[in-house]
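Undergrad: Please see the structure below; I have some questions.
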Amino acid sequence: MKLIVSVMPRSLEEAQALDATRYLDADIIEWRADYLPKEAILQVAPAIFEKFAGRELVFTLRTRSEGGEIDLSPEEYIHLIKEVAQLYQPDYIDFEYYSYKDVFEEMLDFPNLVLSYHNFQETPENMMEILSELTILNPKLVKVAVMAHTEQDVLDLMNYTRGFKTLNPEQEYVTISMGKVGKVSRITADVTGSSWSFASLDEVSAPGQISLASMKKIREILDEA
């Protein structure tokens, strides 16, 4: 599993002050641009992409409806994604499929989509349908993060992930059970068939995240012969 760490600057000054060397243990950097005012995102972008030049990077605009910090109309959402994609060619672009399904057709030319679904309230009963619909669209990655309230919620998502990965071995998945009870899902990625696990450096970007240092140690232990 690859370890992903998010950067969440709230201003150009914070972006410029980021110390990229602190993120060397991360395999991929996620830029959570939703922590900025929408009019500042394109102004801050050069600093982020220069700071992490040569690193794999995910561009993410996590909207409030899916647990993020920004509200965007479909037109604003698509415009910002397309501008960043065309100017900086991030390795991955997160797209909130269920929040912006009506404009998804405008993203069909982008081969590096992470089609995502986030539910900070529950693990919905229709998880299989969600995973199936996202898988059929054949994105670079399918990402699902849902809140776990019981151990069964966690086991269900792990089992669904393993099943879908077995049936679709070429498709990459990232599935996460959020919250304290869901922490175990963050360290079992290799078993369930999830490609990434999100870790934290200073500030968590989702409930239940484990520190990068701890995740690195856990991965080393799991990789031992």
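Each Cβ is built from the backbone N, Cα and C atoms, and glycine gets one as well.
Remember, it's a predicted structure, so these values are computed and weren't measured experimentally.
Annotations per Swiss-Prot:
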- S6, E30, W31, R32, R62, R186, S205, Q209: 3-dehydroquinate binding site (BINDING)
- H118: active site, proton donor/acceptor (ACT_SITE)
- K143: active site, schiff-base intermediate with substrate (ACT_SITE)
Undergrad: Might you list, by sequence position, any residue in that chain lying six or more from the residue listed as 'active site, proton donor/acceptor' with a Cβ less than 8 Å away from its Cβ?
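TA: Correct list: R62, E66, G67, E96, V144, A145, V146.
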Undergrad: Would you mind pulling the DSSP three-state label for S205 (3-dehydroquinate binding site)?
TA: coil
Undergrad: Expressed to the nearest Å, what is the distance separating R32 (3-dehydroquinate binding site) and K143 (active site, schiff-base intermediate with substrate) at their Cα atoms?
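TA: Spelling it out, the Cα of R32 (3-dehydroquinate binding site) and the Cα of K143 (active site, schiff-base intermediate with substrate) are 15 Å apart.
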Undergrad: In the three-state scheme derived from DSSP, which category covers R186 (3-dehydroquinate binding site)?
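TA: Note: R186 (3-dehydroquinate binding site) is helical by DSSP.
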Undergrad: Among residues S6, E30, W31, R32, R62, R186, S205, Q209 annotated as binding 3-dehydroquinate, what is the maximum Cα-Cα distance? Answer in Å.
TA: 20
Undergrad: Give me the CA-CA distance between Q209 (3-dehydroquinate binding site) and K143 (active site, schiff-base intermediate with substrate), in Å, as a whole number.
TA: 16
Undergrad: Determine the minimum-neighbour residue: among E30, W31, R32, R62, R186, listed as binding-site residues, which Cβ has the fewest other Cβ atoms within 10 angstroms?
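TA: Among the binding-site residues E30, W31, R32, R62, R186, the sparsest Cβ neighbourhood within 10 Å belongs to R32.
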